[in-house]
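As annotated by TrEMBL, transmembrane segment applies to 12-39, 51-70, 110-127, 139-161.
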Amino acid sequence: FLSNGSELLLEILGPGIVGGLFLPILGALPDAMLILVSGLSGSAEVAQNQVAVGMGLLAGSTVLLLTIIWRTCVIVGKCDIEDSIALDSTDTRGFSLTGSGISTDIWTSYAARIMVISVIPFVIVQLPQMLNSTSGKHLAVLIGFVISVCLLISYCLYQIFQPWIQKRKLEYIKHKHVIL
């Protein structure tokens, strides 16, 4: 319901503040509320365990979408590449790392860069774990949190002033309605 409602809001109000600020927050709200409510139950140890399970499920679903499903789409959609251009509906080279693949538009490349930047807070929080440092864990979490909030605010502002992602989503929604 939330997804359909946000698509309708985007269609009615168009890209801008609603699509760049309100809809991303509205989309993340159910996940955040589930984790928050699970953390309010029982003792501190039980709450911490519940929050860890909730965060693991949330992160796991995202990792699933970014790995298995994405990889499947790339494998199924691959075709021969000649002179850095994909030849549609031609797959004669099999699994060649340089001779087959997919091509995307420049906007997909920009979105991928945004996704890579969003990993920075996670890497910061994981650094003390990788270095087996117990003293820097709290500081790393604080720094990761501050950077996450700054990246969230900058992404929302970027969406308001450069709404190309919203426009692409709106085109997809319109295309979906035409197909239906």
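A Cβ is built for glycine as well, from the same backbone N, Cα and C atoms used for every other residue.
Since we're looking at a predicted model, the values are computed, not measured.
Beyond the ends of the transmembrane segment (139-161), by six or more residues, the same chain brings 16-17, 19-21, 24-25, 114, 117-118, 120-122, 124-125, 127-128 to within a C-beta distance below 8 angstroms of the stretch.
Away from its own ends, the transmembrane segment (110-127) comes close to residues 66, 136, 140-141, 143-145, 147-148, 151, 155, 164-165 of its chain (Cβ-Cβ under 8 Å, at least six residues beyond either end).
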